[in-house]
Amino acid sequence: MVKKHQNSKMGNTNHFGHLKSFVGGNVVALGAGTPYLFSFYAPQLLSKCHIPVSASSKLSFSLTIGSSLMGILAGIVVDRSPKLSCLIGSMCVFIAYLILNLCYKHEWSSTFLISLSLVLIGYGSVSGFYASVKCANTNFPQHRGTAGAFPVSLYGLSGMVFSYLCSKLFGENIEHVFIFLMVACGCMILVGYFSLDIFSNAEGDDASIKEWELQKSRETDDNIVPLYENSNDYIGSPVRSSSPATYETYALSDNFQETSEFFALEDRQLSNRPLLSPSSPHTKYDFEDENTSKNTVGENSAQKSMRLHVFQSLKSSTFIGYYIVLGILQGVGLMYIYSVGFMVQAQVSTPPLNQLPINAEKIQSLQVTLLSLLSFCGRLSSGPISDFLVKKFKAQRLWNIVIASLLVFLASNKISHDFSSIEDPSLRASKSFKNISVCSAIFGYSFGVLFGTFPSIVADRFGTNGYSTLWGVLTTGGVFSVSVFTDILGRDFKANTGDDDGNCKKGVLCYSYTFMVTKYCAAFNLLFVLGIIGYTYYRRRATANSL
């Protein structure tokens, strides 16, 4: 009776811990999404600090450096301790907005200080965001898609939430905006230091998987062949160690117990450790020293195992394939997010639309809202959809990436639609800006689906041990791709710009070539992902038939 009561008490405590970690992770994610707020305060900041607008592209690239390139460092810290990562992230964001506030208040014309602040904002934000996603994916292994969708979607929604609050509360007072962001975002990310936890039973689900994966990675480039898209469900041989005092373990989750029984892969543990001799003169201190030594060795072994697992994963063809897929779609999405304002301006400057009383700032603000809102919807809906695909149809989460690639293809084709044949300027303007708005919605939703699904794909494929490090490396692909796509767009605008006032006045011709390139890239991505799905399906069938 006492044991049953203790188990019940432990279960309630465990549920509370999961809930606290989940809620805290969502608060952290909401506070960490302010890199997308740059366009809200950038014009006033540059004007106040007497920095030319031409430097804005370099400043926005500083955000990308902090959130993507330095994301590798953030991932390593998260894998060590999500709490520590949130503490570091909170300090970085606090210091960054403090520096921006001082630059704005004292009119310091220092591109270096502002760039440094933006790097800190990018790094601090992903430090908190990666920690929240890691805890969601690890603590809820049977519902990774749904659990991970909440912090991912709130991160995408954060920009719209804070831009609305700042505009309502402070209006044009950017100095107060920086103070508000410094306190609010810093404190929200700091919540993770007190709430985020990785529960041992969830990590334990992946422990034997990691050992099997490391053993298998020496035999084949594909480290691991999952039975379904869930990192706890694997077909494989038990890990055999050269040490006589080790366990042989199979890792199969409860919800696929029937499958494990069908293949005669029942969970079991075998130990050949020698029994203590009755005459052995051991005291309780001997056992304590022995346990302490074993714990130390176990921790060192776990760290070494994680590093080896990450290294083997980085070399795998699957990881390289994921890097290409994510890099292309991430680059297209970020290019559109950073550049949609220029597309609106090109339409406004094109005759005869330049004769109409069009509020370009309002249309640009609408695009930001659509991108943020639809990105939130995509991130939130993609998780449950991918879970449904896995559990109901035993399909792969990569089908969501097929949908995202298809949406990017359609939006890239639609944005280049030319309405110059319409003679009525008002009708032409209405059609043109409606077309851009629809494309913003499509691009936003596809971007949300991409980042709402890919964290679960990575966790399913490579496990949660070393997950944040791998995710940090994966997101670096966007740094290079967005640089390429924005360079193509810049050349496209330059080729169609006259010498009079520096504005492109040729409508969709200002950017049509760029989106022809993105259309072909999306088509390649679509076929490439279908190839990965087909190859993975073939490997599973071959593995199942060989048992």
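Using N, Cα and C of the backbone, Cβ positions are placed for all residues, glycine too.
Because the structure is a prediction, the values reported are computed rather than measured.
According to Swiss-Prot, the protein has these features:
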type     : residues : note
MOD_RES  : SER237   : phosphoserine
REGION   : 275-300  : region 'Disordered'
TOPO_DOM : 1-21     : topological domain 'Extracellular'
TOPO_DOM : 43-58    : topological domain 'Cytoplasmic'
TOPO_DOM : 80-83    : topological domain 'Extracellular'
TOPO_DOM : 105-110  : topological domain 'Cytoplasmic'
TOPO_DOM : 132-144  : topological domain 'Extracellular'
TOPO_DOM : 166-175  : topological domain 'Cytoplasmic'
TOPO_DOM : 197-323  : topological domain 'Extracellular'
TOPO_DOM : 345-398  : topological domain 'Cytoplasmic'
TOPO_DOM : 420-437  : topological domain 'Extracellular'
TOPO_DOM : 459-469  : topological domain 'Cytoplasmic'
TOPO_DOM : 491-514  : topological domain 'Extracellular'
TOPO_DOM : 536-547  : topological domain 'Cytoplasmic'
TRANSMEM : 22-42    : transmembrane segment
TRANSMEM : 59-79    : transmembrane segment
TRANSMEM : 84-104   : transmembrane segment
TRANSMEM : 111-131  : transmembrane segment
TRANSMEM : 145-165  : transmembrane segment
TRANSMEM : 176-196  : transmembrane segment
TRANSMEM : 324-344  : transmembrane segment
TRANSMEM : 399-419  : transmembrane segment
TRANSMEM : 438-458  : transmembrane segment
TRANSMEM : 470-490  : transmembrane segment
TRANSMEM : 515-535  : transmembrane segment
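Among the listed stretches 59-79, 84-104, 176-196, 470-490, 515-535, the one sharing the most Cβ pairs under 8 Å with the transmembrane segment (438-458) is 470-490. The stretch from 84-104, 145-165, 324-344, 399-419, 470-490 that makes the most Cβ contacts under 8 Å with the transmembrane segment (111-131) is 84-104. Counted as Cβ pairs under 8 Å, contacts with the transmembrane segment (399-419) are highest for 324-344 among 59-79, 84-104, 145-165, 176-196, 324-344. The transmembrane segment (84-104) makes contact with the transmembrane segment (176-196): 3 or more of their CB pairs lie within 8 A, with pairs spaced 6 or more apart in sequence. Residue counts of the topological domain 'Extracellular' (491-514) by helix, strand and coil are 12 helix, 2 strand, 10 coil (DSSP-based). If you average pLDDT over the topological domain 'Extracellular' (197-323) in this model, you get 49. The stretch from 59-79, 470-490, 515-535 that makes the most Cβ contacts under 8 Å with the transmembrane segment (324-344) is 470-490.
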